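Student: Before I ask anything, let me first share the structure, which is written out below as structure tokens.
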Amino acid sequence: MGTGTGGDDSLYPIAVLIDELRNEDVQLRLNSIKKLSTIALALGVERTRTELLPFLTDTIYDEDEVLLALAEQLGSFTVLVGGPEFVHCLLPPLESLATVEETVVRDKAVESLRKISQEHSPVDLEVHFVPLVKRLASGDWFTSRTSACGLFGVCYPRVSSTVKAEIRQHFRTLCSDDTPMVRRAASSKLGEFAKVLELDYVKSDIIPLFTALASDEQDSVRLLAVEAGVSIAALLPQEDLEDLVMPTLRQAAEDKSWRVRYMVADKFSELQKAVGPEITKNDLVPAFQNLLKDCEAEVRTAAANKVKGEVLPEDSRETIIMTHILPCVKELVSDTNQHVKSALASVIMGLSTILGKDNTVEHLLPLFLVQLKDEYPEVRLNIISNLDCVNEVIGIRQLSQSLLPAIVELAEDAKWRVRLAIIEYMPLLAGQLGVEFFDEKLNSLCMAWLIDHVYAIREAATCNLMKLVEKFGAEWAQNTIVPKVLGMANDSNYLHRMTTLFCINALSEVCGQEITTKHMLPVVLKMSTDQVANVRFNVARCLQKIGPVLDSSALQAEVKPVLEKLATDQDMDVKYFALEAISGMYLFNLPTYIFSETFSFSSILFFFFSFSLSP
Amino acid sequence: VQGPRGGVGGGNDFQWCFSQVKGAIDEDVAEADIISTVEFNCSGELLATGDKGGRVVIFQREQESKNRLLSRGEYNVYSTFQSHEPEFDYLKSLEIEEKINKIRWLPQQNAAHFLLSANDKTIKLWKISERDKRAEGYNLKDEDGRLRDQFRITTLRVPVLMPMDLMVEASPRRIFANAHTYHINSISVNSDYETYLSADDLRINLWHLEITDRSFNIVDIKPANMEELTEVITAAECHPHQCNVFVYSSSKGTIRLCDMRAAALCDRHSKFFEEPEDPSSRSFFSEIISSISDVKFSHSGRYMMTRDYLSVKVWDLNMENRPVETYQVHEYLRSKLCSLYENDCIFDKFECCWNGSDSAIMTGSYNNFFRMFDRNTRRDITLEASRENSKPRAMLKPRKVCTGGKRKKDEISVDSLDFNKKILHTAWHPKENVIAVAATNNLYIFQDKIN
């Protein structure tokens, strides 16, 4: 329609998109930018190159999110400008995006530049791409120079040896830039650049740069050199490591600044892998011992996370840990800082698989026990959450005597988040401790949580019961927990009565049809006459939930009459949920108009509101 | 090393001349117009002021023109924006003033300029950028903004960028909030260009410039029991070159230097600068007047300067037991401390600043007087920011306060000083002898004139 005047209505949506590129509403601009490929497709390659891209090149005034989207789009625009032959047309807009102050935008522009660099022919790379990198590298502002650091690595392998030499020179210059921002960027890209360099140049060029950056006056630069050291070490043959890399790494492990030492501790596994077993044994293990004893808690925390020594040489791993690491670990168990202890607690159990049964019983068990009694709940929790590792080696029974008081204490912790955390480990503990132990010691805790005064705990406790039944079976449920749960239906507190309903919601499916019909359903039905409306509408919801578990005769004979009665309840919400249950269970073919307006949104809101108010 | 144009002027090297005055002339000063901070950017091309009304005004230096021979580049308004608004903390029933306590420029990183501005609670990062192009041409509208018939669109138009009059925009880039329980007194950008610190009465936080939802608390002097509180943090600053070093001063007149390399928490200082008190001059006011109101590292990073109520002290970072230089700012007020206590002036927080070559220092006083001290010649001078000699390039006459005895011609007696006219905030151009002096709601700019 409307084509009679010579117009083309297929252009209209595109015209809207183009106009919205400069709409005042950021969201519309953003939508338009995200559909840039549609616009480009409609304009054709020629107009995209000559009109759209020049316009986009100057759009860098926009909001960050728009610029970010633009930078991303341009990375996959090659086809839209006419294929690899014309890919260099994308460089100007990306170049201007690579100089903005927002790091995320710059990084995205660099990422797109790296991507399209691969689509340049070797000739185009030297004619168009490398000059761009050089321009950025010698830009006035550090934003452009930092962006340049990420681009050397992608063009280096594909250019002539003369250009290679220039690129190396530019990188060298940036490594000694005046601003720490650029030195940091260079430092973080050093490892990546080293990977594409010829080995000789790694030795002659990269090593001096690495040494210089690793002794930079700013610790923010030095700490990044640690990571570069890992990459470089992986590139060098073993015999060169000692002379070229190790002195610098040793120095980093003893740096004055805790942040640099922290980096060494944090990158320790990677470091071991890169330098190999010999140097690890002779050099890194003593360094690691020092990090475990570091005066700064942050460093000890990072080091404590690595005590398992995953990458230690297989044959000597046990000996190294026993003789060198374990003595430090013993001290850390009574560290003054809770974060150190809690980091240790999250990994210490893992040591048992490495050290075997006897060592675990003799050396580790006492440490576990100390940590189980730690004053900070987080430490105890971390031990408990990792019980499965130790279970495999020595069996959890060894621990049960100390475990129980720890669990009980956490279960009654004043902070509800701590209680919540321990509830989540209950199914795991139950599985490992066995049903007898559980019934004897832990069952009462699980039931007590059902009447906790914090809703989140009651909810978690309900879910916990379901998981326990999954583990121990329906019969166990019928004998131990179902009677207690159903008993709460007569509680004077309506919140506890509701908990019964929530438990039934959770348990009906795992308990199966028989228990549900015989034991649970009568209680639910009886509660339909509860005086509190919240209980009544939860009865309706509960009935809907357990409906699928029940057989149809029970549904027709028992559930239907109750729901019908609830559907005539005086309370709006009770009615609403009763009708919803009825329709949800397809008990009747209700005319749909019932749902149209009578039950407005406000009643639903009210429901949530009343819910959140319950203590 | 003192350059040829160092020094405080007044001698035979050069003289200070009036250049400009900004702000209303009216005697009636609106509270919101009172300037609360002054700061040059790193090149000196821009000068920012903040006021009690939460506004930031940025002045830009005009390019020096050949045809106006004696014009040395005046500062004209470049951008004005509302940085902070008054707020109300509903949880604590506290009003949060919009007053700008501090402005700090970031090192320039691209064509735009960035600054941090802080009121009592919140720090904001502002971008000030220029725009001189505008896109033109819509598909669905014609030049006059009338909608086109959508069915008459026969070709697609891509907007074209056309030059337009220069527009300066200030946009808030980041808001660093909710980290200070007490009033922010200092912000300072670190030399690593990625972090800055902010200090309030009891705590110092370290921020990453790109992260607004968390900061690291590096100093906390809040005692477990607030009744045991004996001192507060009055100012803090990062070292100009060593990214791991910062100092903070206290209301007890001491300065602590901390090394962030040593530990994540800097509760333990590395150096403690304190001058032993002279027992003979001890009085009821000793502690109040020894409280440090400002601390500034020299550009070289070797020295720092502290301002207390009556003096400015220069400390060598390598000597903790006493300052290497002490300059009296207005010693004649020592006999007036009682009345200054009664009118609360004794709690005024005077700031201080270095010149570009660290050879001279400047700080404010009362009666719209400000003081400069030449560190090499030990000469000092008192100048006045006043409209009376505000003719272009008029020389500033040195002023003298008469301290007892007979008042000479041109001298002012201590009793006739106006304590409502105080110069708390001053700034010195980082490279040239251009100074900006905030006198209540007026900003004076003075330049040197070489004889």
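The backbone N, Cα and C atoms fix where each Cβ goes, glycine too.
TrEMBL: automatically predicted annotations, no manual curation.
From TrEMBL, for reference:
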REPEAT    A:13-51  repeat 'HEAT'
DOMAIN    A:87-271  domain 'Phosphatase 2A Regulatory Subunit A helical'
REPEAT    A:90-128  repeat 'HEAT'
REPEAT    A:167-205  repeat 'HEAT'
REPEAT    A:206-244  repeat 'HEAT'
REPEAT    A:245-283  repeat 'HEAT'
REPEAT    A:284-307  repeat 'HEAT'
REPEAT    A:325-363  repeat 'HEAT'
REPEAT    A:364-402  repeat 'HEAT'
REPEAT    A:403-441  repeat 'HEAT'
REPEAT    A:481-519  repeat 'HEAT'
REPEAT    A:520-558  repeat 'HEAT'
TRANSMEM  A:593-613  transmembrane segment
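Any idea what these are sitting next to in the structure?
Tutor: Taken through DSSP, the repeat 'HEAT' (A:13-51) splits into 33 helix, 0 strand, 6 coil.
Away from its own ends, the repeat 'HEAT' (A:90-128) comes close to residues 53-54, 56-60, 64, 67-68, 70-72, 74-78, 81, 84, 135-136, 139, 141, 143-144, 146-147, 150-151, 154-155, 158-160, 163 of its chain (Cβ-Cβ under 8 Å, at least six residues beyond either end).
Beyond its flanks by at least six residues, the repeat 'HEAT' (A:167-205) meets 130, 133-134, 137-138, 142, 145-150, 152-153, 155-157, 159, 212-213, 216, 218, 220-221, 224-225, 227-232, 235-236, 240, 244 of its own chain at Cβ-Cβ distances under 8 Å.
In terms of DSSP helix, strand and coil, the repeat 'HEAT' (A:206-244) has 33 helix, 0 strand, 6 coil.
For the repeat 'HEAT' (A:245-283), residue counts in helix, strand and coil come to 33 helix, 0 strand, 6 coil, using DSSP.
Residue counts for the repeat 'HEAT' (A:284-307) by DSSP state, with H, G and I taken as helix and E and B as strand, are 17 helix, 0 strand, 7 coil.
Counting only same-chain residues 6+ beyond the ends of the repeat 'HEAT' (A:325-363), those with a CB under 8 A from a CB of the stretch are 285, 288-289, 292-293, 297-298, 300-302, 304-309, 317-318, 370-371, 374, 376, 378-380, 382-383, 385-387, 389-390, 392-394, 398.
Counting only same-chain residues 6+ beyond the ends of the repeat 'HEAT' (A:364-402), those with a CB under 8 A from a CB of the stretch are 329-330, 333-334, 338, 341-342, 344-353, 355-357, 409-410, 413, 415, 418, 421-422, 425, 428-429, 432-433, 437.
Long-range Cβ contacts of the repeat 'HEAT' (A:403-441) within its own chain (Cβ-Cβ under 8 Å, at least 6 residues beyond either end) map to 372-373, 377, 380-381, 383-385, 387-388, 391, 396-397, 448-449, 452, 454, 456-457, 460-461, 464, 467-468, 470-472, 476, 480.
Below 8 angstroms of C-beta separation, residues 443, 446-447, 450-451, 458-459, 462-463, 465-466, 468-470, 474, 526-527, 530, 532, 534-535, 538-539, 541-542, 545-546, 548-551, 554, 614-615 of the same chain, each at least six residues beyond the ends of the repeat 'HEAT' (A:481-519), sit close to that stretch.
For the repeat 'HEAT' (A:520-558), the list of distant contacts is 482, 486, 489, 494, 497-498, 500-502, 504-505, 507-509, 511-513, 565-566, 569, 571, 573-574, 576-578, 580-581, 584-585, 587, 607, 610, 614: same-chain residues at least six beyond its ends, Cβ to Cβ under 8 Å.
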Student: Which sequence-distant residues neighbour the repeat 'HEAT' (A:13-51)? Criterion: at least 6 residues beyond either end, Cβ under 8 Å.
Tutor: 59, 62-63, 65-66, 69-70, 73, 76-77, 80-82, 86, 89
Student: Within the repeat 'HEAT' (A:520-558), how many residues are helix, strand or coil going by DSSP?
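Tutor: Final tally across the stretch: 34 helix, 0 strand, 5 coil.
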Student: Give the mean pLDDT for the repeat 'HEAT' (A:206-244) on the 0 to 100 scale.
Tutor: 93
Student: Looking only at the repeat 'HEAT' (A:325-363), what are its DSSP counts of helix, strand and coil residues?
Tutor: 32 helix, 0 strand, 7 coil
Student: Per DSSP, how many helix, strand and coil residues does the repeat 'HEAT' (A:403-441) have?
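Tutor: Counts, helix then strand then coil: 34 helix, 0 strand, 5 coil.
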